Amino acid sequence: MDKGQAPVSKLNLSYLYRLLLCITGVSLFAVYNQGVFVAYSFPAWIWALALSGAAVSLIVFTFQLPPQGNGLSLDSSVYLACLFVFGASFSLTVLLISAIAIFFIDRGLAWWRHVNNFAVYSIMITSAAYIYRALGGEQGPLLEGHLPAYAAAMAMYFALNTLLIAFYYYLTFNENLYDTLKGMLKDTVLAYLCTLVLALVLTILLYHNQLFGLGLFLCISIMMSYSFKRMFAMYRDIEERANRDPRTGLFNHSYFELALEEEIRKACNSGASLSLAMIDIDDFKKYNDHFGHLKGDGLIVFLADLLTRECGGEDMLVSRYGGEEFTLLMPGLDTAEAYSFLERLRRTLNNSPFEGAEIFPQGCLSFSAGIAGFRLDIHDKSQLVEEADQALYYAKKQGKNMVHIYGRQSTLEREIDFSQDVRDIEQQLRLFMYKDLETFKHSKRVFRYAMDMSELLELDNSTKRQFTLGALIHDIGKLEIPWGILNKKEKLSAEEWEMVKWHVTWGKEMASTNVKYKELAPYIELHHERYDGKGYPHGFKGEQIPRLCRMLTVIDSFDAMTTERPYQPTKSVEEAIVELRACAGTQFDPELTELFIRYIESRQLRLAEAAI
């Protein structure tokens with residue numbers, strides 16, 4: 001959910017929370033301060049104004065920190081040092097004067113936010129003061145014997161800061177409170193520690209060097225702030241150069257990978273649509289060979305400019321993937337919407353004049369594009385990229401200058417491709433006939449189970465192809481396991497079992513070397529994951545494991561239980577069903593387990609009836 005669209009109930013609670021903060025903070029200020037500043041002597045006012053000026057200066061000269069413009073204000077060092085040297089009442093007076101000054105300096109901020117900030121600081125200062133006094137802390141010079149009191153006061157100060165802000169985000173933006181706290185602590189612990197140390201340094205300077213010490217601290221802090229801003233500007237410039245393709249100015253491959261990972265995470269959490277398009281300039285090599293590399297680079301830049309211009313008003317990320325290939329990441333768009341957008345782009349390019357376009361077979365500039373949409377059973381970014389790449393390959397194969405959505409081939413084409421793929425994989429599996437005949441036979445049985453389950457699950461043809469071929473090839477990695485271990489009759493040793501577990505990784509690597517079978521890698525890699533997260537190789541849990549990989553786990557285990565194996569006793573079908581039910585919810589997905597059991601029971605009934 002977008003932060004601007006938080007639920008009404010949460011927003012109401014957020015308003016009440018801010019009101020409660022304001023009332024609490026102002027009340028604590030009144031109790032601890034009691035307006036004593038009206039009776040301050042002239043020297044006391046000099047100190048109050050000087051410290052307030054320092055706090056305001058430190059707010060104005062905020063430290064700029066990477067990444068993404070994070071900032072660190074050291075005004076809390078002033079309030080804590082005031083607390084330790086002069087007491088809580090004086091520290092609150094400095095806070096009040098600073099808050100009034102900031103109200104007039106930053107008029108763009110809503111008045112209630114100024115009050116809210118003042119209240120939060122009041123709560124933190126008074127709570128820190130209470131802990132400090134409770135642990136025996138006294139105002140005055142920094143004493144080694146009071147170090148526990150200093151540490152506890154500063155811990156309370158920043159713990160409250162973190163909790164109060166995190167709870168505000170939780171109520172306003174409907175964010176997970178634990179995740180918010182975890183993220184805040186990860187990003188701010190170092191900044192908090194710096195502020196704490198500087199508060200102790202300022203305590204020493206205030207007591208021993210008084211206003212000169214304050215001025216020295218302020219000068220050093222402002223100069224450091226200026227230096228950090230310069231360093232931050234350099235950092236941003238280097239970061240920009242690292243993330244951009246120098247030829248086109250688009251984001252590069254590395255940045256695209258990071259952005260894709262982040263968008264997949266968001267889509268997983270929110271359920272929003274996400275589409276990825278891979279775009280390739282048609283017949284680019286022909287143009288490059290005819291006009292030379294400089295003109296070829298000009299064509300790449302031309303398309304990059306067109307993509308930037310056409311996608312500029314949309315929430316899309318355009319990047320150069322490599323060579324004449326580009327990617328277009330489209331959060332919020334399903335594949336149909338992405339297809340419409342890419343078709344408009346394609347026609348725009350077709351109608352764009354460009355020097356030498358007449359040499360292309362189409363007589364104009366053109367691209368082919370493949371689109372893939374994110375689904376919950378996509379477990380990593382490489383799978384989505386692979387599907388978009390396959391859709392692009394199909395578009396090229398159909399004559400170019402077209403956009404294709406992954407999985408939208410004609411039924412006849414899918415059946416022809418599927419039959420050929422089965423034959424190709426079976427050819428690979430025949431290697432098992434010379435190494436481990438049982439693995440070959442097991443793979444064929446699992447394939448047949450998967451074919452039947454595809455019908456029960458009502459899979460579309462593209463998904464059915466992936467699932468059944470994945471079932472057929474799922475143990476291909478065992479080709480890397482020594483013959484002696486695969487055919488060992490005794491129980492495997494711990495070292496031998498660890499080697500057997502590696503077959504999923506080896507199998508994934510083998511499939512990934514073939515463009516046609518990259519999409520099958522998840523079935524090979526993840527069919528030994530468990531529903532409770534205790535499987536291998538990654539320890540994925542529940543829906544972290546793609547649904548059909550969870551289905552394959554059930555099928556694979558059932559066949560392993562009902563077939564004679566070197567390292568486990570054989571079970572009857574009835575015993576295997578009992579075992580499946582016993583492990584549903586731990587090893588297996590309970591819903592898919594029951595579906596498979598109903599299928600097996602129905603199959604057994606048909607076999608019994610046929611035998612009569």
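A Cβ is built for glycine as well, from the same backbone N, Cα and C atoms used for every other residue.
Automatic prediction, not curation, is the source of TrEMBL annotations.
It should be emphasised that the depicted structure is a prediction, and the values quoted were computed from it without experimental measurement.
Here TrEMBL flags 272-408 as domain 'GGDEF'. What TrEMBL lists as domain 'HD-GYP' is 417-612. Under the heading transmembrane segment, TrEMBL lists 15-32, 44-66, 78-105, 117-135, 147-171, 183-205, 211-228.
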Integer mean pLDDT for the domain 'HD-GYP' (417-612): 84
Remote residues contacting the transmembrane segment (44-66) - C-beta distance under 8 A, at least 6 residues beyond either end: 37, 72-75, 77-79, 82, 86, 90, 93-95, 97-98, 101-102, 105, 191, 211, 214, 217-218, 221-222, 224-226, 228-229, 232, 235-236, 239
Same-chain residues at least 6 beyond the ends of the transmembrane segment (117-135) whose Cβ lies under 8 Å from its Cβ atoms: 21-26, 28-29, 31-32, 79-80, 83-84, 87-88, 91-92, 95-96, 99, 148-150, 152-154, 156-158, 160-161, 164-165
DSSP-assigned states of the domain 'GGDEF' (272-408) in counts, ordered helix, strand, coil: 63 helix, 31 strand, 43 coil
